[in-house]
Amino acid sequence: MGSDCLFCRIVAGEIPATVVRETDTTLAFRDIDPKAPVHVLVIPKEHYADVATLAQGDPALAADVLATSAAVAEDEGLLGDGFRLMFNTGVYGGQEVFHVHAHLLGGAPLGPMLARGLA
Ligand code: AMP
């Protein structure tokens, strides 16, 4: 990928982000439009479009994303009261940026899992 991908550009340092944790393979940074008191995005540095492509293409890298998410949850003090980790995927999942990212949300009760049920 590269210049067409927003999150690849963040990895490359071409677009600023508030980075909270970095490993050899992953980057975690604060969401620009937070939906909870803590809202961090955790991505693999290598470009995969979504979580299914990542999990099928490089399971070890998918595990790195989970491990970094857990480390950030601990850093942010979320382990006691809990948090939500989610991957919006594809059109029905509401994905807007097609570089896989885990949303780590916490710091307050997050309410029901979905804004509305299946009407
Ligand atoms: P999704 O809808 O799951 O693809 O989520 C994309 C997320 O990226 C949204 O929560 C946006 O607020 C967030 N976002 C978009 N641009 C940036 C940016 N430059 N830095 C940090 N977060 C961003």
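Cβ coordinates are placed from backbone N, Cα and C, and glycine is handled just like the others.
Feature list (source: TrEMBL):
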type     : residues : note
ACT_SITE : HIS101   : active site, tele-AMP-histidine intermediate
DOMAIN   : 6-115    : domain 'HIT'
MOTIF    : 99-103   : motif 'Histidine triad motif'
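For the motif 'Histidine triad motif' (99-103), the residues of the chain that approach it from at least six positions outside its boundaries are 1, 5-8, 31, 35, 39-44, 47-51, 53-54, 65-66, 69, 84-88, judged by C-beta separation under 8 angstroms. HIS101 (active site, tele-AMP-histidine intermediate) is surrounded by 25 other CB atoms, counting those within 10 A of its CB over all protein chains shown.
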